[in-house]
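Undergrad: Could you have a look at this structure, given as structure tokens, before my questions?
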Amino acid sequence: DRQTLVAVLQFLRRSNLRESEEILRREARLLGDDLGGNVATVATSSPGVAAVAAVPPGKGEARGDCGVGPSSGREPREVGSPCAARSLGGSPLCWDTRVGAVVVEDQPDVSAVLSAYNQQGDPTLYEEYYSGLKHFIECSLDCHRAELSQLFYPLFVHMYLELVYNQHESEAKSFFERFHGDQECYYQDDLRVLSSLTKKEHMKGNETMLDFRTSKFVLRISRDSYQLLKRHLQEKQNNQIWNIVQEHLYIDIFDGMPRSKQQIDAMVGSLAGEAKREANKAKVFFGLLKEPEFDVPLDDEDEEGENEEGKPKKKKPKKDNVGSKSKKQDPNAPPQNRIPLPELKDSDKLDKVMNMKEAARRVRLGPECLPSICFYTFLNAYQGLTAVDITDDSSMIVGGFADSTVRVWSVTPKKLRSVKTAADLSLIDKESDDVLERIMDEKTASELKILYGHSGPVYGTSFSPDRNYLLSCSEDGTVRLWSLQTFTCLVGYKGHNYPVWDTQFSPYGYYFVSGGHDRVARLWATDHYQPLRIFAGHLADVTCTRFHPNSNYIATGSADRTIRLWDVLNGNCVRIFTGHKGPIHSLAFSPNGRFLATGATDGRVLLWDIGHGLMVGELKGHTDTIYALRFSRDGEILASGSMDNTVRLWDAVKAFEDLETDDFTTATGHINLPENSQDLLLGTYMTKSTPVVHLHFTRRNLLLAAGAYSSQ
């Protein structure tokens, strides 16, 4: 950006480094001696990034797209390239392999970032500037007012910070007192943090502050409204505000009708404004992978059943290859070998066969046929239940607790058993048919196994699809992999330096994802100590993580009130969804892979069309944080569980039918949500006093819910 560039040039001139100054000036296409004059801006590929680059001749333009810092508004590349392999922090220079240019990283040097506030406007006039603009916006036509009102919050924050930075403390205080009440209610938490910054010294270590400074606040405004604003500021010669607009805001201008208040309200509320429209343009392969084909043996009992009535045995038409659910390749599916997935073992094939048999007996759900709900209540959970997961075949349930234990229960009559000791195993006849039964030690059979190893509360748990492994993540910064054959810890994965809030296995096993307080999500493979990918871009904690059913994408929800969709292949962020007014705590993909449901502390469930990158629905009803979301096995029903002690069932078929996703909507974000989500609510089920922390549909579509009874 211009200011950084000018500062660097002035520094080079002061240090008598004429040659470097000339090279930089040539590269940046800055001619003429007047540094303070009207200098052409240098385009960098990301807001607020100083990409001062020296490009070897013939290499085209240098792009400053190399940082993987927590506040870079960009996505990391794959970890194979040297510049993405660094953790947060790291050296100030890194080599961009694609362009062959040295790029100054955007790990913000605090003093450099703050010095942008070194303006010399008259502090006593700030209130006048702001109220002048406020008056103008409030008096403008209704169609423009809603759009221009989006300016209030980012301008308020930047003007306040400017006053604080320049040590006009009393003016800053009076400015805050006068205007903070005008801001939208969903910014209250941010304003509380802001109100504690009253001295220049406070600004140095404050993360929120740095995020706000380094990532431009994005506003989406129609061309007409923008022209109106520009004309007003130029007539009034209100340079102070105009400078902030140019310096700190990113205005995404679209052609067409201005958006209504409802349309804007649905989309705003995140820490850095809305997502740029470009952010949701990349192609996403949201289709499902083709199931591998194998023959399903017929049930013996089915054949016997037919014989009993003394009729001749009917030849059943041979179900050939029931294994291939989808004969045709889904046109939206990724190529089968886009990312390497583990081969199916024989036990996996058996499991798939079981799954298909169960699926044949599955209940078709719908508004007329709601699922039964079986609620597992953790009683006397004084250790503090913090996480729950249930195996895909619903045979085991695990709880993560605040006392750092992980407890696994069997919920079928079959008890949990460990493998025998090595000495006993050597005595077993390995050729016998029931060798898998014989290796289990009956003496160890019990309903509950407790796993010790973490040194802090366990915030996330996840069973592997083959039920041989269990993941848990904790406040101690590690993710642990446990064997469910021996009930011991196999590996501790260390990569996060702070609490890890969530972890989840890929639907194909082998890969798993974790997200934590360091604002980064990491992709791991069970046989690697180091993460394979680092997904950086969120501006606050990554609170929940989910794999797409085809395992090529990962969704992360964050306390910065956005949801991001990441491509596992290259680490790019391919979708940014804004609209929640509080931290995101639950994510669920629809079984067909087309839609994503998200729940947050604002008590709303939002529905997203992944292919078009649009919000397509909003389900209101819960009165507290939504910690659990799950689609039924065929995707007809969405279940949501909340801290308000209820499970609600929503009609997913109706929510996703006749969606308006024409090109205009996709291009401008004019979304039209139905006024009333009550038509979609199929039922509300109260517990006595148990917040719902997990939901799971069995293979036959019985809904299992879980939570810990709280006595207050």
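Along the chain as shown, residues are numbered 1 onward.
Note: Cβ is positioned from N, Cα and C throughout, glycine not excepted.
Annotations per TrEMBL:
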type	residues	note
REGION	296-350	region 'Disordered'
COMPBIAS	296-307	compositional bias 'Acidic residues'
COMPBIAS	319-330	compositional bias 'Basic and acidic residues'
REPEAT	378-419	repeat 'WD'
REPEAT	451-486	repeat 'WD'
REPEAT	493-524	repeat 'WD'
REPEAT	535-576	repeat 'WD'
REPEAT	577-610	repeat 'WD'
REPEAT	619-651	repeat 'WD'
Undergrad: Can you count helix, strand and coil residues in the repeat 'WD' (535-576) using DSSP?
TA: 0 helix, 24 strand, 18 coil
Undergrad: What stretch in 378-419, 451-486, 493-524, 577-610 has the biggest tally of Cβ pairs under 8 Å against the repeat 'WD' (619-651)?
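TA: Most contacts with the repeat 'WD' (619-651): 577-610.
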Undergrad: Select the range from 451-486, 493-524, 577-610 that forms the most Cβ-Cβ pairs under 8 Å with the repeat 'WD' (378-419).
TA: 451-486
Undergrad: Give residue numbers and ranges for long-range contacts of the repeat 'WD' (451-486): same chain, 6 or more residues beyond its ends, CB-CB under 8 A.
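TA: Residues packing against the repeat 'WD' (451-486) from afar: 345, 347-348, 351, 384, 386-393, 395-396, 398-408, 416, 418-419, 492-505, 507-509, 512, 514, 516, 524, 526.
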